[in-house]
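Residues or ranges marked as Zn(2+) 1 binding site in Swiss-Prot (evidence: sequence analysis): CYS146, CYS149, CYS203, CYS206. Residues or ranges marked as Zn(2+) 2 binding site in Swiss-Prot (evidence: sequence analysis): CYS163, CYS166, CYS189, CYS192. Taken from Swiss-Prot, the feature domain 'J' covers 4-68. If you look up Swiss-Prot, you'll see 146-153, 163-170, 189-196, 203-210 marked as repeat 'CXXCXGXG motif'. Summarising the annotation, Swiss-Prot assigns zinc finger to 133-215 and lists sequence analysis as the type of evidence.
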Amino acid sequence: MARDYYDILGVSRSADPDELKRSYRRLARKYHPDVNKEPGAEDKFKEINKAYETLSDPQMRGRYDQFGEAGVSSAAGAGYQDFGDFGGFADIFETFFSGFGGSPQSGRRRSGPARGEDLRFDLKLKFREAVFGGEQQIRISHLESCKTCEGTGAKPGTRPQTCSTCQGSGQVRRMTRTPLGNFTQVSVCPTCNGQGQVVTEKCDSCGGRGQNQVSKKLQIKIPAGVDTGTRLRVSNEGDAGQKGGPPGDLYVYLFVQEDSEFRRDGTNVLSEFKISYLQAILGAQLPVKTVDGEETITIPAGTQPGTVLTLENHGVPRLGNPVSRGDHLITVIIDIPNRISTEERELLVQLASIRAEQTGKGGIEGFLGGIFGR
């Protein structure tokens, strides 16, 4: 399965356009083929480009957030972006070394509200459920803010204290001397785990975590036309945020089960339909199964094996535009019997004589071969 575009760019799903651009430029500098000659760098560069091209467009980003790659136009491609504003090698050098020092405020970890983690749920659908959509009830388990301590983790009547090790910054710094100069190494505070605060009297309900694991049922709306790999976003149903931060989202990944009668090719439904050799020769009006139910199909006289008949607008609705549907393509399979009655054989021999066909050693098979080999 393809990697998540947000993970490729190393940003959260709530990242604003400026944050997306900064991350994109940083990664593009790192993996640009003119700079990075390592194997796989060019493929990584194209992957970064595709992710940014999708997420930098508000409309495409919205479709990606809702449906994943299935909702994004295939035109969002892996072409190179314009690098005219990168500032050359000096800019790349500056980017590379910016993580080793610089302003005391650079890379400062915020100890304030933090968004909750996103969650994933895999959901299996039957073929027709994927075609027409509908609603599915699922049960998930996620973290919710503790109602007793209101998410602080502290016992009611008390409050978290500022960490004395990092003075509330969530980070500790260490100066390192190198031949290139002095550099400041920044790491997460081991006392408060980067939170900037410590809980001295823990809440009895959540054990000081500020969150509890809760199981709940959700009603999920499945759009018509989804397929394996389609991803649906359910806002605010991920894990609860910390310190009043917003909850994450729930991402439902869909997997469509195989069907005994139908297959799918894009928005077209494919199936096979077996008819007798007489129906193929004479033609017929026959009932055939479709995803919409039973329909009548016309078999033209002289239909050949492997003929594909089309039922228009009986395919899969287009994702996001259910009014538009594909077609149902039916491949005709002609059933030639291994055994026939004496009466049938006599009649077929007469037909062969009328057509001046030679039955040959195989008997009537020569006649049938003459018909179906045209």
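Glycine is no exception: its Cβ is also placed from the backbone N, Cα and C atoms.
The two recorded residues, CYS146 (Zn(2+) 1 binding site) and CYS192 (Zn(2+) 2 binding site), have Cα atoms 20 Å apart. Excluding CYS146, CYS149, CYS203, CYS206, which define the Zn(2+) 1 site, the same chain contributes LYS147, THR148, GLU150, GLY151, THR152, GLY153, ALA154, LYS202, ASP204, SER205, GLY207, GLY208, ARG209, GLY210, GLN211, ASN212 within 8 Å (Cβ to the Cβ centroid), listed in sequence order.
The stretch with the most CB contacts under 8 Å to the repeat 'CXXCXGXG motif' (146-153), chosen from 163-170, 189-196, 203-210, is 203-210. Residue counts of the zinc finger (133-215) by helix, strand and coil are 0 helix, 39 strand, 44 coil (DSSP-based). Recorded residues CYS206 (Zn(2+) 1 binding site) and CYS189 (Zn(2+) 2 binding site) have their alpha carbons 23 Å apart, per Cα-Cα distance.
DSSP assignment over the domain 'J' (4-68) gives 46 helix, 0 strand, 19 coil.
Sequence-distant neighbours of CYS149 (Zn(2+) 1 binding site) (same chain, 6+ apart, CB under 8 A from its CB) are LYS155, PRO156, CYS203, SER205, CYS206, GLY210. Over the zinc finger (133-215), the average per-residue pLDDT in this prediction is 88.
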